[in-house]
């Protein structure tokens, strides 16, 4: 009987611009264990600062306004040794990430999953939800181009992501979901009494700790794993079929962990077909470049128009114009923003939806 192949996935909490330290620890782990890391998943606070002008969009106390390491990778002076998939947190160069709101490479080997999305790699379906929850911004559209006036709200999760993701588990199970904010209530599904001893400040929030948006997504998608950062501590919990893992921040021992999962097929990083169909079908709500989504549209209603015939046509057109394989794009982020929107609109128009 053939031995089952295993993929060894590194999962990381908050990076806070310490890329070299993260990759150093991952490399040392490989050397000490003899295990080869398949790819890396990070749960936010990446701080993708290209140059000092980006500091304007980084929402942190003044003493933490530092460039970090990312610019070295952006400039090509350093190269990420592993494919690194990440979502956004609440301490980000939010202007950079808004350009790539549908996802994209920020530099070689570092892929941002966007505001929300689903990608496939090595037979796994991975969902990402960026940002943290603030009730006063959950229905606020994004404005483009990004303005420093929006620095306090760009990283707040909008509730439309619930509808964008809600149907993704209908075709096959989601293997891993990522969020920066914990799903609300998940703290009560683990050893919260022990957690409170180490993090007494969490006790006052109790079951209300975390994002209600992420709670809905977790209960809808029911992924095998849900991985979060933000709270700078390690924590495990069980919610139905989902194993929840929270991690700390780089520089502390609880920042990195590993998942050993079956490798059924080795595949490149690809767009998830269901996600592609959702992206195209909801184009009317995102067609205004200056402000999106248009809340006069119902995301759920737009998605209800999906049919097998339309899905097939969407994937054919996506493969024709973009391709399912996600390829590193070295164009500037504003060009990527314009190019992606151009092709999404083109595909939608060719469907001739009434």
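Backbone N, Cα and C define each Cβ position, glycine as well.
Counting Cβ atoms from all protein chains shown, residue 232 (divalent metal cation 1 binding site) has 17 others lying within 10 Å of its own Cβ. Residue 232 (divalent metal cation 1 binding site) carries neither a helix nor a strand DSSP state and counts as coil. Look at Swiss-Prot and you will find 14, 16, 232 tagged as divalent metal cation 1 binding site, backed by experimental evidence.
Sequence-distant neighbours of residue 45 (divalent metal cation 2 binding site) (same chain, 6+ residues apart, CB-CB distance under 8 A): 14, 15, 16, 89, 90, 91, 92, 180, 229, 230, 249. Annotation note: residue 45 (divalent metal cation 2 binding site) sits in a coil segment as assigned by DSSP. Feature annotation from Swiss-Prot assigns divalent metal cation 2 binding site to 45, 90, 180, 230; the stated evidence is experimental evidence.
Per Swiss-Prot, RNA binding site is recorded for 59, 90, 91, 134, 156, 201, 205, 230, 231, 232, and the stated evidence type is experimental evidence. All chains included, 23 other C-beta atoms sit within 10 angstroms of the C-beta of residue 231 (RNA binding site).
What Swiss-Prot lists as region 'Lariat recognition loop' is 130-158. Across the region 'Lariat recognition loop' (130-158), the prediction's mean pLDDT works out to 96.
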Worksheet item: How many Å separate the Cα atoms of residue 232 (divalent metal cation 1 binding site) and residue 156 (RNA binding site)?
Response: 19
Worksheet entry | Densest Cβ neighbourhood among 156, 230 (binding-site residues), 10 Å radius | 230
Worksheet item: Using the Cβ centroid of 45, 90, 180, 230 as the reference point for the divalent metal cation 2 site, which residues of the same chain not in that list have Cβ within 8 Å?
Response: 14, 43, 44, 88, 89, 91, 131, 132, 155, 181, 229
Worksheet entry | Sequence-distant neighbours of residue 59 (RNA binding site) in its chain (C-beta under 8 A, six or more apart) | 90, 91, 92, 94, 151, 152, 155
Fill in: Structural state census, the region 'Lariat recognition loop' (130-158) (DSSP three-state)
6 helix, 4 strand, 19 coil
